[in-house]
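**Q** Attaching a single structure in structure tokens format; questions to follow.
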Amino acid sequence: MLELTHTTKTHDESRQGEALELVPTGSSNGRKLYIESYGCQMNFSDSEIVASILMDKGYETTRDFKEADVVFINTCSIRENAEQRVRNRLKEFESAKAKNPGMVVGVLGCMAERLKAKFLEEEKLVDVVVGPDAYRDLPNLIEKVDEGGRAVNVLLSREETYADINPVRLNSNGISAFISIMRGCDNMCSFCVVPFTRGRERSRDVDSIVKEAQDLFNAGYKEVTLLGQNVDSYKYTPKVAEGEEEQPTVNFAQLLGKVAEVSPELRIRFSTSHPKDITDEVLYTMARYENICKYIHLPVQSGNSRVLELMNRTYDREWYKGRVDAIRRIIPECGISTDVITGFCTETEEEHQETLSMMDYVKYDYAYMFAYSERPGTLAAKRYADDIPEEVKKRRLTEVVDLQRAHSLYRIQNFVGKVQRVLIEGFSKRSDQDYCGRNDQNTMVVFPMDARYKVGDYVNVLGESCTSATLIGRIVD
Ligand code: SAH
Ligand code: SF4
Ligand code: F3S
């Protein structure tokens, strides 16, 4: 999904193990932790919680798994190839473990939750299997392994949000950070494994979210992305002691407003919006605050109402178009991206054409596109035959990808000749003479360095040319 040019990863199978080398603030226990993450941004965010829990116990972090005492792999189950990638990677840990038999190898995240103790039978090298709601138990579980055992904790929780844990920013550029605002998912999209691996939806304490944003801003961060599988269903009722007055429930629009008020200099992004839940109130809040980025990730999955029903998405083609129309009406300059699945069970050629025509209707700025991959235990796996041949799924996917490339180019060309407000995030991958950063609509912009501005500053950039993924320009005052 997210290519190099996009940094707000929300869900893919890419890997990021190159964490910073950090030492604990308290006393060190002399052991080193290596943690590698796959999947969506929530997994990356969880790895920062895991690092925080272990650093509290005196662990240092390392970038090199060969010198680690504890090696964790935080896994994704969303598609079959995501799981395959993890299994291949585990093989690469084998020789390191052979050299250092005391090394603890742990599997965390969605695959751990899906496969549970079975993982220990299937992968002999693995010592610990820990699901996404059991990370507080990690120090105990490691202790069990040190004593010669193997350990599993895959209990899901209805309350855990890790609200009190201050994540260690492992992969940060010091400018942008992610804040988990909720966990789990209560939707039952028939293709999706997430409700099984992440459990019930629960929203995190509003004050802890605002405080985390404030702390990040005080530490020099300029952009936060609020994360959840379905952020628009965020709902938190503050807990009150007996005798105290009840506090009103906070919804997502209100949360957005509260975070936006931390500072006009702090940019706010969020992901993911479910088309059934995104309200006009959210759109008006986005329009009201200049520092809420005008960009919405609105996964459509399919453009055909019958397929959407089979997918249990609970909206149809007309509803989705209505939401897009509302976005265009209330926030005309808003960027929109999406997720598409091709070749879902029983999808006909005509129905696939409706996905293409939906894309023509919206002209997405960006899309993450996948061939359907049946996941064991999901509603679709139980109810429907995975009956679209692999080559048909792939051919439909190619059509979707090709069309999206044209739309991305169309959108990005619109920025040529216009001035964009860009947050400088760092140096361009190609040259240390060029800065890069994104505009409001999440488009990557590259422009020559100017000594008057540093990473973390906002600048006005005039778009001069583009590729289908990057806008090229120069700073104007
Ligand atoms: N909560 C988000 C999606 C999280 S999963 C939402 O509801 O939009 C990210 C994306 O992976 C999904 O939007 C979907 O496009 C894709 N996906 C999920 N399960 C899949 C499967 N079994 N096969 C192919 N793609 C899948
Ligand atoms: Fe999966 Fe649907 Fe939940 Fe997204 S909303 S995580 S696709 S079940
Ligand atoms: Fe995310 Fe993959 Fe789990 S997309 S929620 S890490 S299955």
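Each residue, glycine too, has its Cβ placed from N, Cα and C.
TrEMBL feature annotations, pasted as is:
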| type | residues | note |
| --- | --- | --- |
| DOMAIN | 31-147 | domain 'MTTase N-terminal' |
| BINDING | C40, C76, C110 | [4Fe-4S] cluster 1 binding site |
| DOMAIN | 171-411 | domain 'Radical SAM core' |
| BINDING | C185, C189, C192 | [4Fe-4S] cluster 2 binding site |
| DOMAIN | 413-477 | domain 'TRAM' |
**Q** For C110 ([4Fe-4S] cluster 1 binding site), what residues in its own chain, 6 or more apart in sequence, show a Cβ-Cβ distance under 8 Å?
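**A** Those within reach of C110 ([4Fe-4S] cluster 1 binding site), by Cβ under 8 Å and sequence separation of 6 or more, are G39, N43, T75, C76, S77, I78, P132, V193, V194, T197, R198.
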**Q** Pop the Cα-Cα gap between C185 ([4Fe-4S] cluster 2 binding site) and C40 ([4Fe-4S] cluster 1 binding site) into the table, whole Å please.
**A** 14
**Q** Where the criterion is a Cβ under 6 Å from an atom of ligand 2, which of the binding-site residues C76, C110, C185 meet it?
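**A** Listed by sequence, the hits are C185.
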**Q** Do any of the binding-site residues C185, C189, C192 touch ligand 3, in the sense that the CB is under 6 Å from one of its atoms?
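**A** Correct list: empty, so none.
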**Q** Near C192 ([4Fe-4S] cluster 2 binding site), which residues of its chain come within a Cβ-Cβ distance under 8 Å, counting only those 6 or more away in sequence?
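**A** Long-range Cβ contacts: I78, C185, R375, T378.
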**Q** Limited to the domain 'Radical SAM core' (171-411), I'd like the whole-number average of pLDDT.
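**A** That stretch averages a pLDDT of 97.
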**Q** Excluding C185, C189, C192, which residues of the same chain place their Cβ within 8 Å of the centroid of the Cβ atoms of the recorded [4Fe-4S] cluster 2 site?
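**A** Counting only non-site residues, the set is N187, M188, F191, V193, V194, P195, Q229.
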**Q** State which of the following binding-site residues has the fewest other Cβ atoms within 10 Å around its Cβ: C76, C189.
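**A** Checked C76, C189; of these binding-site residues, fewest Cβ neighbours within 10 Å: C189.
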**Q** By a 10 A CB contact count over all chains shown, which of the binding-site residues listed here is most packed: C40, C185?
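**A** Most Cβ neighbours within 10 Å: C40.
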**Q** Can you tell me the three-state DSSP label for C40 ([4Fe-4S] cluster 1 binding site)?
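**A** DSSP call for C40 ([4Fe-4S] cluster 1 binding site): coil, neither helix nor strand.
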**Q** Any idea what DSSP makes of C110 ([4Fe-4S] cluster 1 binding site), helix, strand or coil?
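**A** Going by the DSSP assignment, C110 ([4Fe-4S] cluster 1 binding site) falls within a helical segment, counted as helix.
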